[in-house]
């Protein structure tokens, strides 16, 4: 009797483990890969602080790689026991400092930001820490947003305004898929290019057409693409 109960218990545990693995690996439909324009983060009323590693380049930076459902909802914090382990991705840190900096105040080295992204989104991705961060870095290189915009004559310059559809078409031409453009408002009340959303398949292997676009962050027909190249010797923008 005890043996049969023991076997049954083992079977239940195995099934539960398999179910957990299944949910972890399949319980979302696609990723949003989100990049932000640093000038548009910094010139709002809340301002920003440059990382301890120095002012970032004038280029789009990674915000995150976020698992999502086709109904617009998303999973988050899928493993509350997880914690960021710097040793797991130590070979990526210098590249992440350049391409995935934190502009939040107070100034930081990025670890707090990366930890937030990993715990909230990465733990739902079915990727380990190294693969999660490496994948996001790879998609930034593939998307090449700034170059695609420059190729269309869309360059960061204060006071110039561009059509949102022109921005979308320039990115679509380079990436092959239509992005979602999120805007915010600068300290003078001007709408500006803030974040670009592209969609990635659930295996994190390629860009795809977005099953659904986010809500919020709507833009006018023309928006500013502010410069981030002005010299500034202060830590706070």
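Placed from the backbone N, Cα and C atoms, the Cβ positions cover glycine too.
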Per Swiss-Prot, which one of 63, 130 shares the RNA site with 36, 113, 116, 117, 120, 121?
63
Site extent for RNA (largest Cα pair distance over 36, 63, 113, 116, 117, 120, 121, Å):
18
Around the Cβ of residue 121 (active site, proton acceptor), how many other Cβ atoms lie within 10 Å? Please give the count over every shown protein chain.
24
Out of 36, 42, 116, the recorded positions in the record, which is closest to residue 63 (active site, proton donor) when you go by Cα distance?
36
Provide the three-state secondary structure of residue 199 (disulfide bond) computed with DSSP.
strand
Inter-residue C-alpha distance, residue 78 (disulfide bond) and residue 116 (RNA binding site) (nearest angstrom):
13
Name, in the order they occur in the sequence, the residues of the same chain whose CB lies under 8 A from the CB of residue 117 (active site) and which sit 6 or more residues away.
63, 64, 65
